[in-house]
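Visitor: Take a look at this one; I'll ask things after.
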Amino acid sequence: MAPAVRQLSKFATAMLVSYDGSRGWAWDPTIRGTIADTLERILREPVAIEAASRTDAGVHAIGQALCAFTSREPLAGDLQLLRYRANQLLPEDVVLRQVVRAPADFDVRDNAGKVYCYYINTAAFPFPLSRRTEWHLPSRRGRAPFDAARAQQAASYALGRHSFLPFSNAQPAEPEREPVCELRRLDVVECGGGRIRLDVEGDRFLYRMVRNLAGTVARCGSGELEPELVERILATGAWPSDAVKLTAPAHGLVLHQVLLHADCDPFASTAAAAEEVPLCAPVPS
């Protein structure tokens, strides 16, 4: 964000954004820049945007939250018209779901956490309609089918407050500033037809932490790793020499929701709540 634009801004507009990350877009700067450019075309003034979260290239979003700052009231306060016009101009794989007014000092980065979903297909073959939104992980020849109970056992060891640095891809020269996170939920949900969904909720996440947890839990479910390994890694702060960390592919991950604080959630209106998207189910085969 350009600091000068933010300082001169008088109006804040909060937005819920959905996008398909299959083109390999990273959140910063491409998608954010695309939205900012679109709003500037409509409003004919500079627009500064802050996002609640960054997503890796290839990761999708259903409920990314952002805030646009302007010096004038957008379209005389007709925010539904702004949403309509923006969605007409944005690429078809980026959609503004909600556009609401927010206090001028609203900080979308100050949130209570995030909810992610990770999708895995353990069937023998990939499904063409969902190949871009789920990780195809069939059982290897000679191995038992995916064991969801075993995967859930591994997931349970990760719950609570820990230093998740062993599950981060932070570079040694650039360590995480604060490696301790609270993982509130890591559920392994069987969706039928060999499909598995991991529901992940935490107060914050380290770089690629969700994808590393997904890769580890999935490998425990497939019998490649023992579930107790998760507990040992978190206790020792390191992977054992005989195990290799696996980062699950980006395309199976979806940022489902940014959890805003109840006392400053601009989307907590009846109209916005009516369009809440439930945890997305896999595409039927």
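Including glycine, each Cβ sits where the backbone N, Cα and C put it.
Note: TrEMBL annotation is automatic and uncurated.
According to TrEMBL, the protein carries these features:
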ACT_SITE  ASP56  active site, nucleophile
BINDING   TYR116  substrate binding site
DOMAIN    154-258  domain 'Pseudouridine synthase I TruA alpha/beta'
Visitor: Under 8 Å between C-beta atoms and at least six apart in sequence, can you list the same-chain neighbours of TYR116 (substrate binding site), or say none if there are none?
Guide: ASP199, VAL200, GLU201, PHE205, VAL210, LEU253, VAL254, LEU255, HIS256
Visitor: So what pLDDT does the domain 'Pseudouridine synthase I TruA alpha/beta' (154-258) average out to?
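Guide: Taking every residue in the domain 'Pseudouridine synthase I TruA alpha/beta' (154-258) and averaging pLDDT yields 93.
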Visitor: How many other Cβ atoms sit within 10 Å of the Cβ of ASP56 (active site, nucleophile)?
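Guide: A 10 Å sphere around the Cβ of ASP56 (active site, nucleophile) contains 18 other Cβ atoms.
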Visitor: For the domain 'Pseudouridine synthase I TruA alpha/beta' (154-258), how many residues does DSSP put in helix, in strand and in coil?
Guide: 31 helix, 31 strand, 43 coil
